[in-house]
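The structure under discussion appears below in the form of structure tokens.
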Amino acid sequence: MLTQFPILESILWTVFTMVIIWRASDGFETASEYIGRNLTDGVRGATINAIASSIPELFTTIFFLLLLKDADGFAGGVGTTAGSAIFNGMIIPALVIIVVLLFGITRSIEVSRRVLFRDGIALILCELVLILVLSSFRLEWWHGLLLMAMYGAYVLYMVRRMRQRQRSAAVLTDQAPEIPAPDPEPVEAEDEAADTWLKKILKLDLEGLVIGNRPINNRNAWTLLLLSTAVIAAACAILVYACESFGEAVGFPIYFVAVIIAAAATSVPDTIISMRDGMRGNYDDAISNALGSNIFDICFALGLPLFMYTALYGPIDLPSGSEVGELRLILLILTIAALLIYIIGKKMTFLKAALLISLYLAFVTYIINKGIGSPWALDISAWVQQVLSNIESLF
């Protein structure tokens, strides 16, 4: 580190990357919403919004593998994607519930059970496949390809169902519905003049830099998408450096740092997008974005870096009893618990938000205590490893 206070510096770098990811994700969201404007609610949340908000996890996993190599890098990647999935499944829906009810936007929140079961079951299936993939302790290129194929199948299913519903609606109305491109938000001349190029750069207003007061179209939408992706990638490289430095300073393995700090930092876009959807009343999109992001994280954000690394450098050997194996089972257990909280009762309430936050805090408490070697956390870890070993013996 550059200073005599490595812990403080790594924390400041982490906060800096969170701000950069947040600002760049605004531009990514604007571009992706325009490109996916003809998708239906729920489908857009589970695909376009989920991909837009999960780009940080993808790049963070790539940089963990490139920087740390082999098992340590993969552990950092799994820690980020799995930790982010746990954050997305618990903290984001809880924050949406609290903000919407607290600000009086509505007196009750109801989320389509079809959306919950569709994305919840798909997520559980993906996590089961992840458990099987990591059971071999030797990761090959086809493992990454299998995970990516799972996400491809999920997207194809979503698009196919959307087209079936559109055809059904067209038969009923004798006219296929056409969803027009959203009108660009009006920009006041005074504000536009005040925002100079330098000011836009300092504010990291990528949308203002690329689009300005012109109407959004395919060309500038794709330009904005690519620029936002490049900025997010750079921020994720800094985030990996900050996490590695923090781990060295406090004496924690990179896995423990990634599963909490990197996971929370890369979940900033998911949180903002879901809260915006919730404030607009798009509750299905708010929840499906969180669940869809988890599917993307597990299948693509982990699968693509795994495929690329093993194709270039050869297989990755995982030690028996590693934290990576333990985390996949914890992820599955917490996902099932969160899904049960969602579906029990028709409405999303403050009680459900409190339960979800409590689950996440319990998870973080366990991870920290295991990192410092607390006996009770090590006992739980041994039990989880035993359960995982029993499951693996069945296959």
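Every residue gets a Cβ built from N, Cα and C, even glycine.
Annotation comment: TrEMBL describes 10-159 (among others) as domain 'Sodium/calcium exchanger membrane region'.
Helix, strand and coil content of the domain 'Sodium/calcium exchanger membrane region' (221-368), in residues and according to DSSP, is 126 helix, 4 strand, 18 coil. According to TrEMBL, the domain 'Sodium/calcium exchanger membrane region' annotation covers 221-368 (among others).
The annotation transmembrane segment is assigned in TrEMBL to 6-25 (among others). Sequence-distant contacts of the transmembrane segment (6-25) (same chain, at least 6 residues past either end, Cβ-Cβ under 8 Å): 52-53, 55-56, 203-206, 228, 231-232, 234-236, 238-239, 241-243, 245-246, 248-250, 261, 265-266, 268-269, 272-273.
With a threshold of 8 Å between CB atoms, the same-chain residues lying at least 6 positions outside the transmembrane segment (46-68) that come near it are 21, 25, 28-29, 32-33, 35-36, 39, 74, 76-77, 80-81, 84, 115, 119, 155, 158-159, 229, 232-233, 235-237, 239-241, 244, 254, 258, 262, 265-270, 272-274, 277, 285, 288-289, 291-293, 295-297, 300-302, 304-306, 308-309. Per TrEMBL, transmembrane segment is recorded for 46-68 (among others).
Under the heading transmembrane segment, TrEMBL lists 74-103 (among others).
If you look up TrEMBL, you'll see 115-135 (among others) marked as transmembrane segment.
Taken from TrEMBL, the feature transmembrane segment covers 141-159 (among others).
The transmembrane segment annotation in TrEMBL covers 221-242 (among others).
As annotated by TrEMBL, transmembrane segment applies to 254-273 (among others).
Summarising the annotation, TrEMBL assigns transmembrane segment to 294-315 (among others). Residues 46, 50-51, 54, 57-58, 61-62, 64-66, 69, 73-74, 77-78, 81-82, 84-85, 88-89, 119, 122-123, 126-127, 130, 138-141, 143-148, 150-151, 154, 335 of the same chain sit 6 or more residues outside the transmembrane segment (294-315) yet have a Cβ under 8 Å from a Cβ within it.
Here the transmembrane segment (327-345) has Cβ contacts under 8 Å with residues 78-79, 82, 85-86, 89-90, 93, 111, 113, 116-117, 120, 123-124, 127-128, 130-131, 134, 255, 259, 287, 294, 352, 355-356, 359, 363, 384, 387-388, 391 of the same chain, all six or more residues outside its ends. Per TrEMBL, transmembrane segment is recorded for 327-345 (among others).
Taken from TrEMBL, the feature transmembrane segment covers 350-368 (among others).
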For the domain 'Sodium/calcium exchanger membrane region' (10-159), the number of residues DSSP places in helix, strand and coil: 127 helix, 4 strand, 19 coil
Highest-contact recorded stretch vs the transmembrane segment (254-273), from 74-103, 115-135, 141-159, 221-242, 350-368, CB pairs under 8 Å: 74-103
For the transmembrane segment (141-159), sequence-distant contacts whose Cβ falls under 8 Å of one of its Cβ atoms, 6 or more beyond its ends: 43, 46-47, 122, 125-126, 129-130, 133, 295-296, 298-300, 302-308, 310-311
